[in-house]
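Taken from Swiss-Prot, the feature domain 'Response regulatory' covers 8-123. The annotation 4-aspartylphosphate is assigned in Swiss-Prot to 59 on the grounds of sequence analysis. According to Swiss-Prot, the feature domain 'CheB-type methylesterase' maps to 151-344. Taken from Swiss-Prot, the feature active site applies to 163, 190, 286.
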């Protein structure tokens, strides 16, 4: 357990090299201390119980006790925030881990250049600092009935922005939206390239909507969910009387790609008073400027409530702008959107 503001971390990884590398990164700052390391889930679970660390970093592919089983047992016996360290080759595995209660994940760089490893160090420390303040727990989401896509314009186009804690939150929102007439949902989730495709594929298999990673030129369709591609933006544009999606590359000054602000601003410009943006859990302030733009255009912005957010950074910053019309618990966002879609039919 931490003392005097120092965050205690347990590193679990079956690779001795990875354990050393992560430990060095974590202890490069004075407010973080690695209390111990473990080579597998069984050893890790015992050390969590004994040492009570503030945060755990976890490799999912381990001998004896794998990552999924470790998470299930941990959340039952000693709930602790977990950051999954994932390779690109196992990118689809992280979403199951998030459902089982993991706080967030970090993608190992495909090419461990100095710049890539420094970016990993910065991201790791940022997420460890955020994780110590959350209340971990098992998140279960049951599949819903699949909404039917129909031709024509959707009665409602919803832009959803999320970061840390977002994948399970997005899934929860979609489960409340299997309604007629079917809306269209545009999701901007901070996530690396390739992981967004895996995220879309997983939601498509288990959720109530047809879900794809957005491609440049996609027409906005009712009953469809589009996930912004990692490493690019997703914006709404007009194509004659229809709406289309564009996926421009980021500029050198962009902090996030995809960026919630960029999506919300495009919604405000194209849809005006019909624009609707929802800011879900996440670190930072992405979405706040976009919320202002939607509000100025006469549209609506909703934000996830603090008590249901894994991290209240993004919703809190959006609320602070004065542009948010409704602050809603996560479980009520989907039904509220469904009710709005019915009114707009």
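Cβ atoms are placed via backbone N, Cα and C, with glycine included.
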Among all the protein chains here, how many other CB atoms are within 10 A of the CB of residue 190 (active site)?
24
Per-state residue totals over the domain 'Response regulatory' (8-123) - DSSP helix, strand, coil
53 helix, 25 strand, 38 coil
Near residue 286 (active site), how many other Cβ atoms are within 10 Å of its Cβ?
27
